[in-house]
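Record features, source TrEMBL:
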type	residues	note
ACT_SITE	Cys120	active site, proton donor
BINDING	Lys23, Asn24	phosphoenolpyruvate binding site
BINDING	Arg96, Asp314, Val336	UDP-N-acetyl-alpha-D-glucosamine binding site
DOMAIN	8-431	domain 'Enolpyruvate transferase'
MOD_RES	Cys120	2-(S-cysteinyl)pyruvic acid O-phosphothioketal
Amino acid sequence: MSDVLVVNGGAPLRGEVRVRGAKNLVSKAMVATVLGDGISRMYDVPKIRDVDVVRGLLELHGVKVSYGPEGELVFDPSNVERAGVDEINVHAGSSRIPILLCGPLLHRLGHAFIPELGGCNIGGRPIDFHLEALRRFGAIVEKAPEGLHLSAPDGLHGIKFQLDYPSVGATEQILLAAVMAKGVTELSNAAVEPEIIDLICVLQKMGAIIRVHTNRVIEIEGVARLGGFSHRPIPDRIEAASWASAALATKGNIFVRGARQADMMTYLNTFRSIGGEFEVDDSPGGGGIRFWHPGGDLKAVALETDVHPGFMTDWQQPLVVALSQANGLSVVHETVYEKRFGYTAALNQMGANIQVFQECLGGTPCRFGRMGFRHSAVIAGPAKLHATDLIIPDLRAGFSHLIAALAAEGKSNVHGVDLINRGYEDFEAKLTGLGADIAR
Ligand SMILES: CC(=O)N[C@H]1[C@@H](OP(=O)(O)OP(=O)(O)OC[C@H]2O[C@@H](n3ccc(=O)[nH]c3=O)[C@H](O)[C@@H]2O)O[C@H](CO)[C@@H](O)[C@@H]1O
Ligand SMILES: C=C(OP(=O)(O)O)C(=O)O
């Protein structure tokens, strides 16, 4: 199938979509199954590419993965075994999740091979924190042209470790290594995103002992064995916010079934400040949030992306499209990734007026100030968007391109839309259901 989507924009998106388990939890919980000696079960798993990649990697390592009823995945890790480098490398460059297999595979096999990582191209995305922590746990890490080889001849042992920055992936790496390491691990400056807390819930179900203290300190008491788990994942708050931003940008009205207020409070405050309206529906048979554009002008805002409980960086790109329709100058200071504004060039080509700056334009100077990265954006609106040809650069930027094409009058050809499947389940069917005029 061609991966060009023809989008005939200009009409409001109206209707209902459903979000399922979060991409950024489901894939990690799948990795955790390797640590257990029993069967694990996960409900409400979305059909997205990152899930397929992790499933492929687990199967290569002997985990039997099967589909249960609608959206249920079942994992049997009783025969975990080494996989060939060439087979693993089929998945090179496709996702960031393989790095999280280090701890579980070292515990089960004493060895791990990790292919080149993928993920969105939004900055350097180093893994120095991961490797430093793994070495401290007792792993030997060897870098080779084909990927990373790790071994742990003396097993893994608990550590005291402080992250320079509360990295989500490094926190998960340390959790997955520490739960079965000998002794206690104390992690300071840990990330505490809701997806991490949900991963801790998964690990606790398996038998782990993990204490989340105040001030970003997590203490993990290593245990000798873990079992399987049954888990309904936290809903995807990034996808939910993406649809909310789409409703605002297209002057539409979308009920996002599955969206949960507690995980989205920071987004909801910003959405309301811009002039969007929402209603949380907790009624039986409800369970979701309705987002709509109430008519009239939207208001410009200033915001900074940050670690939880700040404004998520992954909410940024779709929201900027909505901000291009707000009245006045909005400022967005991106403090999590140094290169997450590349996509604004395409929006400008469509008529948006977005300038990017090297300075920290938010209230707080961040790590990227004076380093030459254009990590602050000023968005002047409202701008009339017009159709054009677009090339999808990565997942969230891709979704923002799609929203812009849907908000613009006329026909846009959006190239490379398959990338969006990495994190948005059935996005074309969902768009069609919302009344979008799209065709491959
Ligand atoms: C699959 C997944 O869950 N992806 C999410 C995860 O990515 P990911 O786990 O890759 O993001 P991190 O939180 O690790 O990255 C945050 C910052 O820390 C830096 N860093 C990270 C690790 C390291 O070893 N060294 C280092 O310097 C990164 O370059 C970045 O500037 O959290 C991000 C921040 O919420 C989200 O945008 C991604 O959607
Ligand atoms: C940056 C993202 O994901 P990943 O870490 O998988 O690239 C994202 O989901 O927006």
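Backbone N, Cα and C define each Cβ position, glycine as well.
Annotated features taken from TrEMBL, shown on the structure.
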| residue | record | contacts (Cβ under 8 Å, 6+ apart) |
| --- | --- | --- |
| Lys23 | phosphoenolpyruvate binding site | Pro46, Ile48, Asp50, Val51, Asp236, Ile238, Glu239, Arg422, Gly423 |
| Asn24 | phosphoenolpyruvate binding site | Val168, Glu193, Glu195, Asp236, Ile238 |
| Arg96 | UDP-N-acetyl-alpha-D-glucosamine binding site | Leu117, Gly118, Gly119, Arg125, Gly169 |
| Cys120 | active site, proton donor | Asp394, Leu395, Arg396, Ala397 |
| Asp314 | UDP-N-acetyl-alpha-D-glucosamine binding site | Ile238, Ala241, Arg396 |
| Val336 | UDP-N-acetyl-alpha-D-glucosamine binding site | Thr305, Asp306, Val307, Thr313 |
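Binding residues for UDP-N-acetyl-alpha-D-glucosamine (Arg96, Asp314, Val336) extend across at most 16 Å, taking the greatest CA-CA distance. Mean predicted confidence for the domain 'Enolpyruvate transferase' (8-431): the pLDDT average there is 97. Same-chain residues with CB within 8 A of the center of the Arg96, Asp314, Val336 CB atoms, the UDP-N-acetyl-alpha-D-glucosamine site residues themselves not counted, are Asn24, Gly119, Cys120, Ile122, Val168, Thr313, Tyr337.
Look at Asp314 (UDP-N-acetyl-alpha-D-glucosamine binding site): DSSP puts it in a helix.
Listed recorded positions: Arg96, Cys120, Asp314, Val336. Those with a CB atom under 6 Å from ligand 2: Arg96, Cys120, Asp314.
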